[in-house]
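Trainee: Structure provided below as structure tokens; questions to follow.
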Amino acid sequence: MTNVVVVGSQWGDEGKGKIVDWLSERADVVVRYQGGHNAGHTLVIDGISYKLSLLPSGVVRPGKLAVIGNGVVVDPHALIAEIGRLEVQGVKVTPENLRIADNATLILSLHRELDGMREDAASNSGTKIGTTRRGIGPAYEDKVGRRAIRVMDLADMEALSAKVDRILTHHNALRRGFGATEVSHETIMEELGSIAERILPFSETVWLLLDKKRRAGARILFEGAQGSLLDIDHGTYPYVTSSNTVAGQAAAGSGMGPGSLGYILGITKAYTTRVGEGPFPTELHDEIGQFLGEKGHEFGTVTGRKRRCGWFDAALVRQSVATNGITGIALTKLDVLDGLDELKICVGYKLDGQEIDHLPASQGAQARVEPIYVTLEGWKESTVGARKWADLPAQAIKYVRQVEELIGAPVALLSTSPERDDTILVTDPFED
């Protein structure tokens, strides 16, 4: 038995929700370790759809413990609203099934406002990143700047007052630069006071809790948000998120040592998508790109934004396999490729006349690369609902084997529809 870390191996939206749902049924504890409420997924259980963006997936299953780790930035208002939506659907979220790290950073209204002001200013200059304007980046900045308000701070309003002064010194200077009204001390104190009683009952020393669970033999599932190519260090900077999204963050963002992480499962879409700005070497602007977007229902769970679509980029996923230490992948949305006459896979790039096998880190170089493709024959038969290899067309199997060879990692699971049972299991990550 081992613990499992789920990471996205592309730019997010790889279909983690279904795979995490499938795994969470067998886990005892499900842990979110990075990000905020800027990335979401939909779980379908007994025909009911649950849309989650901040809460770990385990919260919708009876008897599971959901944990929000210290690596997450928590918008208390968004959390309370999400809990409320689940309660309307009959899911009770209590301190019995949800614990939040007492040292997790809080997202405040001033973070959301700063995020929006920056995006507006960047839009005018043509340099916008395309954030969700939810305050994620500014909250992480305050965390690194050692002026953040954390969950534990809500328990001591007297000490909190000085911390609010400190954060306002920074933010009001920025607001003056944008020509915005300054925020008063009273406004932030009232904001925090209004949610303290709702948030504090969930507060926990999470590293200690997880250590006890591990020693007791619990199966722990670490649930990543977004994708590895959005990692602040290893992604397509500056068009990235504000946290580390690679598997190593599961240790730092939860307080468990890296030796306890276990199987690293990379969720990998059979083609490539991206939301927002940034380089995308295999992007398709033709009818095939439109076909993938429409058939794959490529719209964001949280934002509703249309995703850009392109061919599978093995060079990028190969990088993710290396930077995450991926043990095996879950290949999703293979069925979306049904009916195409031919398929292309990017195996490397040309940069200034030279062939290279990885995407360079330089923003300028990323804009100049041209994909090098191999072409495979497509298939006309349907793969929808396939639950064993024998159900797949020969050309689909050939495509999967080519992906495995090019990225240097085996397929552990193969998803053939949004339904959780339409999955071909090759290797059980929890039993590896």
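FYI, residue positions are counted from 1 along the chain as it appears here.
Glycine is treated like the rest: Cβ placed from N, Cα and C.
OK, Swiss-Prot features for this one:
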BINDING   12-18, 40-42, ARG307, 333-335, 415-417  GTP binding site
BINDING   ASP13, GLY40  Mg(2+) binding site
BINDING   ASP13, GLU14, GLY15, LYS16, ASN38, ALA39, GLY40, HIS41, THR132, ARG146, GLN226, THR241, ARG305  IMP binding site
ACT_SITE  ASP13  active site, proton acceptor
ACT_SITE  HIS41  active site, proton donor
BINDING   THR301, VAL302, THR303, GLY304, ARG305, LYS306, ARG307  substrate binding site
Trainee: Have a look at the binding-site residues GLY40, THR132, LYS306, ARG307 and say which one has the shortest Cα distance to GLY15 (GTP binding site).
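Mentor: Checking each of GLY40, THR132, LYS306, ARG307 against GLY15 (GTP binding site), the shortest Cα distance is to GLY40.
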Trainee: What three-state secondary structure does DSSP assign to HIS41 (active site, proton donor)?
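Mentor: DSSP assigns HIS41 (active site, proton donor) to strand.
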Trainee: If you measure LYS18 (GTP binding site) to LYS306 (substrate binding site) at Cα, how many Å is it?
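Mentor: Between the alpha carbons of LYS18 (GTP binding site) and LYS306 (substrate binding site) there are 20 Å.
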Trainee: I'd like to know which of these binding-site residues, ASN38, THR42, GLN226, THR416, is least surrounded, judged by other CB atoms within 10 A.
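Mentor: The binding-site residues ASN38, THR42, GLN226, THR416 were compared, and THR42 has the fewest Cβ atoms within 10 Å.
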Trainee: Checking the contact step here: among the binding-site residues THR132, ARG305, LYS306, ARG307, LEU334, THR416, which have a Cα within 10 Å of the Cα of GLY40 (Mg(2+) binding site)?
Mentor: none
Trainee: Taking the binding-site residues one at a time (GLY12, GLY15, GLY40, GLY304), which has its Cβ surrounded by the most other Cβ atoms within 10 Å?
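Mentor: Comparing the binding-site residues GLY12, GLY15, GLY40, GLY304, the most crowded Cβ belongs to GLY12.
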Trainee: Determine, to the nearest whole angstrom, how far the Cα atom of ARG307 (substrate binding site) is from the Cα atom of THR416 (GTP binding site).
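Mentor: Cα to Cα, ARG307 (substrate binding site) and THR416 (GTP binding site) are separated by 20 Å.
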Trainee: When you look at ASP13, GLU14, GLY15, LYS16, ASN38, ALA39, GLY40, HIS41, THR132, ARG146, GLN226, THR241, ARG305, which the record names as binding IMP, what is the longest CA to CA distance in angstrom?
Mentor: 35
Trainee: Is it possible to get the count of other C-beta atoms within 10 angstroms of the C-beta of THR132 (IMP binding site)?
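Mentor: Cβ-Cβ neighbours of THR132 (IMP binding site) within 10 Å number 23.
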Trainee: Let me spell it out: for each of the binding-site residues (LYS18, ARG305), count the other Cβ atoms within 10 Å of that residue's Cβ, using every protein chain shown. Which one has the most?
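Mentor: Buried the deepest by this measure is LYS18.
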Trainee: Can you tell which of the recorded positions HIS41, THR42, GLY304, LYS306, THR416 lies nearest to THR132 (IMP binding site) in space, using Cα positions?
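Mentor: Its closest listed neighbour, by Cα, is GLY304.
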Trainee: Taking the Cβ of ARG307 (substrate binding site) as centre, how many other Cβ atoms lie within 10 Å?
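Mentor: Cβ-Cβ neighbours of ARG307 (substrate binding site) within 10 Å number 19.
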Trainee: Rank aside, I only need the closest one: which of the binding-site residues ASP13, GLN226, GLY304 has its C-alpha nearest to that of THR416 (GTP binding site)?
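Mentor: Minimum Cα distance from THR416 (GTP binding site) across ASP13, GLN226, GLY304 lands on ASP13.
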Trainee: Using a 10 Å radius around its CB, how many other CB atoms surround LEU334 (GTP binding site)?
Mentor: 24
